[in-house]
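K.L.:
Shown below is the structure under consideration.
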There are 6 protein chains.
Amino acid sequence: MNTTNSVLVFFTLSLLFSSSLGAVQDFCVGDLKGPQSPAGYSCKTKVTVDDFVYHGLGVKGNTTNIIKAAVTPAFDAQFPGVNGLGISMARADLAPGGVIPFHTHPGGSEILIVLEGTLCAGFVSSSANQVFFKTLNKGDVMVFPQGLLHFQLNSGKGEALFIVGFNSPNPGLQITDFALFKNDLPTELVAATTFLDVAQIKKLKGVLGGTG
Amino acid sequence: MNTTNSVLVFFTLSLLFSSSLGAVQDFCVGDLKGPQSPAGYSCKTKVTVDDFVYHGLGVKGNTTNIIKAAVTPAFDAQFPGVNGLGISMARADLAPGGVIPFHTHPGGSEILIVLEGTLCAGFVSSSANQVFFKTLNKGDVMVFPQGLLHFQLNSGKGEALFIVGFNSPNPGLQITDFALFKNDLPTELVAATTFLDVAQIKKLKGVLGGTG
Amino acid sequence: MNTTNSVLVFFTLSLLFSSSLGAVQDFCVGDLKGPQSPAGYSCKTKVTVDDFVYHGLGVKGNTTNIIKAAVTPAFDAQFPGVNGLGISMARADLAPGGVIPFHTHPGGSEILIVLEGTLCAGFVSSSANQVFFKTLNKGDVMVFPQGLLHFQLNSGKGEALFIVGFNSPNPGLQITDFALFKNDLPTELVAATTFLDVAQIKKLKGVLGGTG
Amino acid sequence: MNTTNSVLVFFTLSLLFSSSLGAVQDFCVGDLKGPQSPAGYSCKTKVTVDDFVYHGLGVKGNTTNIIKAAVTPAFDAQFPGVNGLGISMARADLAPGGVIPFHTHPGGSEILIVLEGTLCAGFVSSSANQVFFKTLNKGDVMVFPQGLLHFQLNSGKGEALFIVGFNSPNPGLQITDFALFKNDLPTELVAATTFLDVAQIKKLKGVLGGTG
Amino acid sequence: MNTTNSVLVFFTLSLLFSSSLGAVQDFCVGDLKGPQSPAGYSCKTKVTVDDFVYHGLGVKGNTTNIIKAAVTPAFDAQFPGVNGLGISMARADLAPGGVIPFHTHPGGSEILIVLEGTLCAGFVSSSANQVFFKTLNKGDVMVFPQGLLHFQLNSGKGEALFIVGFNSPNPGLQITDFALFKNDLPTELVAATTFLDVAQIKKLKGVLGGTG
Amino acid sequence: MNTTNSVLVFFTLSLLFSSSLGAVQDFCVGDLKGPQSPAGYSCKTKVTVDDFVYHGLGVKGNTTNIIKAAVTPAFDAQFPGVNGLGISMARADLAPGGVIPFHTHPGGSEILIVLEGTLCAGFVSSSANQVFFKTLNKGDVMVFPQGLLHFQLNSGKGEALFIVGFNSPNPGLQITDFALFKNDLPTELVAATTFLDVAQIKKLKGVLGGTG
């Protein structure tokens, strides 16, 4: 390569670069205030490295609650840098006795790694209602197929912590108990569609703040 | 689960729920007046159950026409609730002698079920121009692969009715006759690109309102 | 078009057709005995129109059971013609009082049309656990976003029948009750991950044939 | 970087490389004799650079035929290197007066560049049956949306040549005339589903070798 | 088909056409000034055939530059008609001694056809760092799997020209030299992350206009 | 729900369950010895919970090597449970001074969380060769768009450890240095396609074990 003169060089490069590939093709940091489409948020027009870095998972979630656990997501709504990239992350903290109750992620598969403590984790297949559950220790990885009911339970004596990866910027989180009992779905409708006893339903609605 | 005090409960839940998953992840009801993207319409910001329910398929289409048939779609333009969900439906009514002429859906595969009457339905493969056609009776289901030419003909004595499912919120509908004869494509161009006789083309342009 | 001599014609056509597009590109009828991949069943090598037609949805399902309802699918396992086409169909019959209990389809969105009777149908969002439910009459269509908990209940006096389209050849069906109570998931694990009372769990395990 | 000793180096690299990423992730050259899945051919186990190079498009197609044109594809069946890569190419040669008649590619969009001669090319939208056609000269590029009816006609005095790119390893090619007239689809069925006159149909069946 | 009266005809057609399929389903010509989403540009509302035709590839790129080569893209930013269609094209001109240096397309696979001259082209697998390279002559086609490092070198005596198809409207172009040396990435960081000597880095930064 | 008699119950359930959804729809654990398709490995027929759990990421990688770092993947080849699920994970250990040199993942986006130590991590856009880099501490998350060149460097005094999530079961890993210098690509070809000096190339080939 002859490094002739820099004028030529710049001319050349801007020419080759006339392809003018817009930043959008590489990434599309979400503009949380812009219009949304089925593909996600609109793209921010000015982007810096801070759009691709998120600090929120470095802080332990507050587990002083009924499930003795907390899920802290880095989904597109919290971390707009993942918008359009088909990926996200979350952390889960479980105090002793804590549990992430049966739930699904409608929009993605999940893979977790245990960082601290001992879990009992499992999922149920949709076909044969076959149960897959296992005790997981520090360093263990488990994968949960998209949309299937699964749970994680702190089965150790101390605290537990795990990190989760998703293949969606917003996989969703539908906790069965919340879907059934933490809203105004009429009790008789819950009873008819779950075969649970009315007393049971009312008890859990009471705990979770549901009405109806 | 100890149902300690409700203050704690509410605190807890809002905490766990700090994931604040936007409604967009679950669905994206189309805002027919907003900007469109390759992924579909923009999402409406306020949504009710009525956005997910459509009444238009309960009404028989008007078959007093040249094909003695009517297709009534529930695509995203009619039923914005399917926007972004990759699915839609339609009904087809055929008077005696009615036909849905050869057509394609550029954007999706089709599956139909016969609710009333008798059809002769078929498609042609792109490879060997192999013909697959069959008489279908009430309750029969047939699938038509994406993009392939197919037709449905009322081959019975009475009326026929079938329901169609698509794997796209807007699969498109390209009726070959309409594409060729119901527009201003010059007759000589149609002749050159179809090998049809000019008289035949002019006749069908006349029937369908085409010019040129 | 000069119809010179047919020898020339045949030569020409086979030449143009030298593209020899294999049947696989148009469709891939499932070989239920062949190896499966993440994309579905292997393709059958010989295909007829009967591979694309299914008669199983013409027959009412047996509703003499606990849910007083029956779901009859035309998924790839029953109707291999839909393999690889991203689409399938099912019918649901509900006797008076019948219900399709809360369930999800992990692999697809659902669109239904009521053919007979009156339904109460609804789903719950994953975000705000917002409930969307509505009474549906004959001809009404409702769409259920992928992966979300939903139900259909016969809310009329007579029988109910609806047809469902899916945007997957095998969307899956995970009935919450079956996932929790119709297997060997230990009772204490169900209790810990659902907050249901042990007595309630044992009662439903008894009904559904679960153990543990 | 300290280039200590090569023993260490090799140890290191094989260690880092213990990720042992299989060749399949990078590409999946089609094994034309293996089982096919909805995603394409099975992968060959031994691959060389010759699997990624194809010589067939360097040869002009034989245009001594009825359409005075030839399409030479480099689809997966001819060029197994594109299997699984979502891309393919073809060349089209048109003698004076030659035409690629109205056709669709059910499985992909098309982009062409004219290398020689003058074309009249166009497509018809599925919505309003709106016609988009234009004269194209050497160097001009035109894009044809997936599944829509389109044509290319040599509108110049000399030969014409164009190169086509597809976003599918096997986009399919369904020529309307061939689908209607070059098979055993009964004449009355063609008439009923196209509104063409019986004489016209029989004439074209005669030319194209169709029966029925 | 009885061509009764044209009033009836028009009534019929507008009825059948009440499906009112929006133009968006067929295509989505990019509005370069509108909001962008992860799926690409917003759709223009008024479209003509000129939106689907591009003249920019008919002109030879200026190769009077350091790589003695030029890439002229027809991506969505230059040719908005490809927006949403998953396809694009480009031309590459190489003077004698010209080269398209090692680069990747993060967003798509590439297929090229040589129109003029002789190339040495190749790519490297991500797994075994296996090299696949070959001399290509006029008419030869080569495919490059998505995201893999590849290059094209004019290995003949005259000029070279090739046409490229991509399966993305904006596949991106990341030239390794430009990514490393044509920006303000600190020299020591380049050294630490590439093991190149500092003098080498500074030399290339000088040539390419990088700083730091 | 009337728990009439269990005979009825079992009859009912097996009937409703006649949908016989195959396990394949929920997951497709890879059979590493079976045929591969573009969609991944064939599915194992017998599956247990151990197929969904992986222990390999619990062990620190050996960093006694030239990059003073180790990447330990849980891709489909190591952890067949992720086959078909669009997700995987890896861990990276970096001794003081360790680095994961510039590399790409051709098949997926990456999201990392720092578990230990301090990193300098960054990527380069394909468009403007814009550099995005940042110091990351424990708990920080960073996302790297698919296919873009990026690096991670231990910029602290102690060891560093981070966990990575990918949205592919086999995202690939192409380390630029390895692609250029750790194979038999002829030195003059590397020189011509990278503008690196021959001496520099030979030096790195020497270090990395390349030939040619």
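In case you wondered, yes, glycine gets a Cβ from its N, Cα and C as well.
Pasting the feature list from TrEMBL:
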type	residues	note
SIGNAL	D:1-22	signal peptide
DISULFID	D:CYS28-D:CYS43	disulfide bond
DOMAIN	D:55-202	domain 'Cupin type-1'
BINDING	D:HIS103, D:HIS105, D:GLU110, D:HIS150	Mn(2+) binding site
BINDING	D:HIS105, D:GLU110	oxalate binding site
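Looking at the shown structure, what environment does each listed feature sit in?
P.N.:
Summarising the environment of D:CYS28 (disulfide bond), the number of other Cβ atoms within 10 Å of its Cβ, over all protein chains shown, is 28.
For the domain 'Cupin type-1' (D:55-202), the model gives a mean pLDDT of 97.
Non-local contacts of D:HIS103 (Mn(2+) binding site) by the CB criterion (under 8 A, 6+ apart in sequence, same chain) comprise D:LEU149, D:HIS150, D:PHE151, D:LEU173, D:GLN174, D:ILE175, D:THR176. DSSP classifies D:HIS103 (Mn(2+) binding site) as strand under the three-state reduction.
Counting every protein chain shown, the Cβ of D:GLU110 (Mn(2+) binding site) has 26 other Cβ atoms within 10 Å.
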K.L.:
For D:HIS105 (Mn(2+) binding site) and D:CYS28 (disulfide bond), what Cα-Cα distance in Å is obtained after rounding to a whole number?
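P.N.:
With the alpha carbons as reference points, the distance is 23 Å.
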K.L.:
Could you round the CA separation between D:CYS28 (disulfide bond) and D:GLU110 (Mn(2+) binding site) to a whole angstrom and send it over?
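P.N.:
Checking the Cα atoms of D:CYS28 (disulfide bond) and D:GLU110 (Mn(2+) binding site) gives a distance of 23 Å.
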K.L.:
Which one of the binding-site residues (D:HIS105, D:HIS150) has its C-beta surrounded by the most other C-beta atoms within 10 angstroms?
P.N.:
D:HIS105
K.L.:
For the recorded positions D:CYS28, D:CYS43, D:HIS105, D:GLU110, which residues show a Cβ-Cβ distance under 8 Å to chain F?
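P.N.:
From D:CYS28, D:CYS43, D:HIS105, D:GLU110, flagged as close to F: D:CYS28, D:CYS43.
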K.L.:
Under DSSP, is D:CYS28 (disulfide bond) helix, strand or coil?
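P.N.:
For D:CYS28 (disulfide bond) - judged by DSSP and reduced to three states - the answer is coil.
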K.L.:
Please report the number of other Cβ atoms within 10 Å of the Cβ of D:CYS43 (disulfide bond).
P.N.:
22
K.L.:
How many whole Å apart are the CA atoms of D:GLU110 (Mn(2+) binding site) and D:CYS43 (disulfide bond)?
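P.N.:
With the alpha carbons as reference points, the distance is 26 Å.
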K.L.:
Could you give me three numbers for the domain 'Cupin type-1' (D:55-202), the DSSP helix, strand and coil residue counts?
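P.N.:
Across the domain 'Cupin type-1' (D:55-202), DSSP assigns the residues as follows: 25 helix, 56 strand, 67 coil.
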